[in-house]
Amino acid sequence: MVMATTLFLLAGLAEIGGGYLIWLWLRDGKPVYLGLFGAVALALYGVIATFQAFPSFGRVYAAYGGVFIFLAVLWGWWIDGKAPDTYDWIGAVICLVGVGIMLWAPRP
């Protein structure tokens, strides 16, 4: 459980961070090297996800989607300075509950 959570967090940081760097380059006129670093981070995200121990690609990526939503809310708040509202938090927590059910519910 700790390894799965760690990998989801690392993948999220790589994906959101990479996307943010590309956003800064294309939308905010920042230097092209930020876009290149962003592309590398996005590629790294794809690699990190393969280290998950769960056997199903679909389950891993669907569960990661819930983690991504929660991390994106935090990123927007801490890095981009946009405070989430109550509904953002409720939605993000619902997603995390879904992740827990998908990954750790008892299966035959």
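Just so you know, glycine gets a Cβ as well, placed from its N, Cα and C.
Look at Swiss-Prot and you will find 6-26 (among others) tagged as transmembrane segment, backed by sequence analysis. Long-range contacts of the transmembrane segment (6-26) within its own chain (CB-CB distance under 8 A, at least 6 residues past either end) are made by residues 32, 34-35, 37-45, 48-49, 51-52, 63-64, 67-68, 71-72, 75, 79-80.
Residues 7, 10-11, 14-15, 17-25, 60-61, 64 of the same chain lie 6+ residues outside the transmembrane segment (31-51) yet bring a C-beta within less than 8 angstroms of a C-beta in it. Swiss-Prot lists 31-51 (among others) with the feature transmembrane segment.
Feature annotation from Swiss-Prot assigns transmembrane segment to 60-80 (among others).
Taken from Swiss-Prot, the feature transmembrane segment covers 86-106 (among others), and the record attributes it to sequence analysis. Non-local neighbours of the transmembrane segment (86-106) in the same chain are 1, 4, 54, 59, 62-63, 65-67, 69-70, 73; each lies 6+ residues outside the stretch with a CB under 8 Å from one of its CB atoms.
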